[in-house]
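Look at TrEMBL and you will find 1-24 tagged as region 'Disordered'. Marked as compositional bias 'Polar residues' by TrEMBL: 11-21. The domain 'Amino acid transporter transmembrane' annotation in TrEMBL covers 53-459. Summarising the annotation, TrEMBL assigns transmembrane segment to 78-97, 145-163, 169-189, 201-223, 243-262, 283-308, 328-349, 370-395, 401-424, 436-457.
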């Protein structure tokens, strides 16, 4: 069924629309894409700053780059605690869940054009389902805290990755904290480009560089006689096996599963892209293209790297082929890592920017207030991300923590709530409709388990890593470009 037809179906079964500015409920317009309802107004250039200039191809690149680079760097080391059978199963399973989550959010955005992020969706849906302004505001506040927390951790993750790359390229030429400062400056400068459309060239260059660097490492790992960080002589245990290794705890295995989930869980950052698209209905085309590529890449590239490096894979994984390839791979990957930092700063900064100026002419006009607020948002997001990067010296566990504590509630718990808001009548509908209701109840409960159980597993895993001396210390100058981390 065409996206336009799906949109019509969603509009027809959505009895009410919530005004997020006033907290009231008004009848939902049958044409749920009226220009005056959109966050940034019309896409015809009538505003002095026309944000709505993104086509589906550029949107798909934004989604792919937002997801691919950091995920493929953390996934191989997480696979060690799941084994060669469970790992691809989890990649496919979480890939489907995350794609469907984005699908729900996309249709909710079409039904409620004033929705800029899933934060707005939380408020609208809870108000619609409960009729309570109080609980709607609670949902908004909780969602906003989780959203900003997750994305600021992503900024820290990107800064950490760029700092690691600079360490590798320069053979630890200076203190790691200094490299992280450089990463903060570059990422913040790039992330301060106001419109997603303006990020296009950086996105394309970053995507090509990230893919090329990963392919370089995968090929180099596959042709080696033994992993680069395995014992140089004598027998050794590769660590690649069908099942999880003996002695693996639930916390380790579940944290590894969530690291895989988190590698494509950033669907909460997809909705803002729709607000800057010329035709929001084309979002689904971008979603399917990006999801297909990302999950295919994870299945092939990450699995090959794990199969040939086993437990000797590094985290991030670009160091897995040894010092020479590591230097070359990080040099090639650097534009891609900078692009990730740019996106991770741009998304939360744009959220704060819209929150501060929504309903004001400053949002779409080149006023002094417009620029001061925008630069303040990007600088603050970049600075907080830098603090997190120098304070949290582990990579894969940070990815997993983002998945459980941030994107778990936003990407698995909240989308079923949006679906319930769109399909209120299904609770008393046909057998098929009620079956769909219970399917989404199951998704909601799975999200709670992912969030609560995953956070417990991650904290336990991080504590174990510190006890085992597998991570460095906060604000450390030590080289972090070839540390073997157990997840």
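Cβ coordinates are placed from backbone N, Cα and C, and glycine is handled just like the others.
A TrEMBL annotation is a machine prediction, not a hand-curated record.
Sequence-distant contacts of the transmembrane segment (243-262) (same chain, at least 6 residues past either end, Cβ-Cβ under 8 Å): 71, 74-75, 78-83, 85-87, 90-91, 94, 97-98, 298, 311, 396-397, 399-400, 402-404, 407-408, 450, 453-454, 456-458, 460-461, 464, 486-487. Within the same chain, the transmembrane segment (283-308) stays apart from the transmembrane segment (370-395): fewer than three Cβ pairs sit under 8 Å, each pair at least 6 residues apart. Scored by C-beta pairs under 8 angstroms, the transmembrane segment (370-395) has its highest count with 145-163, from the stretches 145-163, 169-189, 201-223, 328-349. Long-range Cβ contacts of the transmembrane segment (328-349) within its own chain (Cβ-Cβ under 8 Å, at least 6 residues beyond either end) map to 62, 65-66, 69-70, 147-148, 151-152, 154-155, 157-159, 161-162, 164-166, 168-169, 183, 186-188, 190-193, 196, 199, 202-203, 205-214, 216-217, 220, 269, 272, 318-319, 321, 374, 377-378, 380-382, 385, 481.
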